[in-house]
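All remarks here apply to the structure that follows.
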Amino acid sequence: MLFKYIAFHYLKNMLIILMGLTGLFAGLDFMMNGSGLPSFNIKVLYIFNKWQESLNLLYPLAIIFGGIWTKITFIKKNTMGAIYALGVSRIEVFKPFLFISLTTYFLFVGLNFTSFAVAQDTARALKKNEYNMKRSEDLFFKYNNSFVYIGSLFPYERKLENLTIFELENDKVVKVLSASSATFNGSEWLAENVTQKSKTTDSNGNPILKIEQIKRLNTLKGYNPKVLNSIYEDKQLTLYESLIAKKLLSTQGVGTYKVRSDIYGKTILPLFSIALLMILIFRFPFHARYMNIGGTTIKALGGTLFTWGVLFALQQMGTTAVIIPELATILPVSLLWTYAIYTLGKAKKRI
C-alpha cells in the first residue's frame, strides 16, 4: 500500500510538471512561429511535433521536479514523519521513485527507436514549408576507396538519380563510374547501364581514356536510403538508425563523434535525472522543523537546472568534437552516479 501511495503521488506530480513544461515550450514556440504556417492542419502538425520534441528534451527535468514536489509536499504535511514512525526505511521510501523514474526513462528510450526521435526535423520542415519535399540533392561522401556523388536521393522511394563514383588509387582518380539511376534492394544499391571511364595506355604507351558500358553494378553496400539521407543532410536519426550509422561510418573510417554523441544523448544523458533524484531524496530532512522549505526547494530546483545545463552543454560539445563524446557525456553522468551511490550508502546507516 505504501509503495502504491508514494508511486501514485509521484507519478501524478511528474505528469503535471511534464505536461506543464512541454505545453509551455510548444506554446511559446507556436506563438513565435505559428503565424507563418499556411493552414490549420499544418499548424496542428507543427505544434504536435514541437510538443514531442519538448517531451524528449524535458522529461529528465520532470523526473527530478516531480520528486522534489512530492517529497516537499510529504514533508509539509508531516507524511514523511508518519511513514518513518512506522519503521519504514529511507530505501523503502525511495523504491517507488526509482520504479517510476526508471519506467519513464525506458519508455522514452523506446520511443527514440521510432519517428518520435525525428520530431524536431518534422517541425523544422513544416516551418520551412518543405514538408512535401521527398528528396535530398547533391550528396558527396566517402565509400571505401572511392568518393560518391549523388545528384538526387529519394529515401522513401528507395532510389537515387545521377550517381557518380570516383575510384581512387594512391590518392589519384583511376576510374569513374556513372549511372542515371539506382535502386536499393534491401542491402545494397543496384545500378544498371553504368558507364565506366578509366585511364589506360595504348600499344605505344600513350595514355588514353577507355569508356565501357557495364550492364549492372552493385555498390554502396549497407547504405540504407533513410540513414544515408540523415547522415549527410544533418538530420535527426532514430536510435536504431544511429546504431546502423555508427557501424557504417566506422567501417568507412569516417568520424563517428556526432552519431556517438547522439546515441549517448538519448540513452546515457537522461540517466543523470535518476542519480540526481536519488541524491535529493536522501539529502532532504524528513521533517519541516529541520529545514527551510522555501530555501531548500529553490536550491534543489536551481541545482537541477544548473546540472542539466552543464551536462547539455557538454553533450553539445561532444557533438561538435570539441570533447570526445565519452568524456562529454558518459564521464560526468558516471561521476554523478558515483556520488548518488555514495549517498545511498550513507542513507542505509541512518533513518
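Here the Cβ of each residue, glycine as well, is placed from N, Cα and C on the backbone.
For 14-37 (among others), the entry in TrEMBL reads transmembrane segment.
Within its own chain, the transmembrane segment (57-75) has Cβ neighbours under 8 Å at 6, 9-11, 13-18, 21-22, 25, 83, 97, 101, 104-105, 108, 269-270, 272-274, 276-277, 280-281, 284-288, 291, 293, 296-297, 300-301, 304-305, 308, counting only residues six or more beyond its boundaries. Positions annotated as transmembrane segment by TrEMBL: 57-75 (among others).
Under the heading transmembrane segment, TrEMBL lists 96-119 (among others).
Here TrEMBL flags 268-286 (among others) as transmembrane segment.
Residues or ranges marked as transmembrane segment in TrEMBL: 298-317 (among others).
The annotation transmembrane segment is assigned in TrEMBL to 323-342 (among others). With a cut-off of 8 Å between Cβ atoms, the residues of this chain six or more beyond the transmembrane segment (323-342) that come close are 257, 260-261, 264-265, 268-269, 271-272, 274-276, 278-279, 307, 310-311, 314-315, 317.
The stretch in 14-37, 268-286, 298-317 that contributes the largest number of Cβ pairs under 8 Å to the transmembrane segment (96-119) is 268-286. Non-local neighbours of the transmembrane segment (298-317) in the same chain are 60-61, 64-65, 68, 261, 264-265, 269, 272, 276, 280, 284, 323, 325, 328-329, 332-333, 336; each lies 6+ residues outside the stretch with a CB under 8 Å from one of its CB atoms.
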